């Protein structure tokens, strides 16, 4: 299969909701990873975790995953500037801004607390046993609660790790899928991109194996594919979105 034929093959629509082969492939990779991790979690004693990666204080989690969108942005623009700088235009930047806004809305801020914290609170969760007078102030976010030595408990804890790792990976792969098919993994910047994708994949498997309930992982995954589905999968059926954001199929 030649490079052009490969690119054409993966961008062809299938009989499954007229989805392209590459979109089905990307969905299957991350859905399967989540499924395998969840199956593995059945055999893991979460109360006596000895695995290095099973400890949330491992350096990879603290240095990379906790700052996941920073590393995603850094590697994304490094690769784009090195390999596709002539393609960096308004629509290219617009797609990044949309992806960043979705990350921000889910994890950081959405007219107040982010959607993760809002979901937790709306499902009955709250900060308990924190340092302060509960009649004067009630922490509304997990980070504020933790900062006051409280316990953020009682609600639906949508998996932020599953969201971030899925969202970041699908964003980088969708932006570079055709480019990689046509150019391979020769350049240093492309190898760095694949290195980060590999790390994100591994940490997604770790998260699915050691943390959260099945439903919490599923809602995190749904949040992770939502923006991707609109911008990259179904945008061709939404003229307004397609006109504003263009296509990543370089």
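A Cβ is built for glycine as well, from the same backbone N, Cα and C atoms used for every other residue.
Membrane topology of residue 88 relative to residue 188, as recorded in Swiss-Prot: same side. When the ranges 24-44, 129-149 are checked against Swiss-Prot, the one recorded as transmembrane segment is 24-44. For residue 212 (active site) paired with residue 161 (active site), the C-alpha to C-alpha distance reads 10 Å. The transmembrane segment (24-44) makes contact with the transmembrane segment (161-181), as judged by at least three Cβ pairs under 8 Å among residues 6 or more apart in sequence. By the Cβ criterion (under 8 Å, sequence separation of 6 or more), the transmembrane segment (192-212) is not in contact with the transmembrane segment (96-116), since fewer than 3 such pairs are found.
Put simply, of 59-79, 96-116, 214-234, the stretch with the most CB pairs closer than 8 A to the transmembrane segment (161-181) is 214-234. In the three-state DSSP classification, residue 212 (active site) falls within coil. Mean per-residue pLDDT, taken over the topological domain 'Cytoplasmic' (1-23), amounts to 77.
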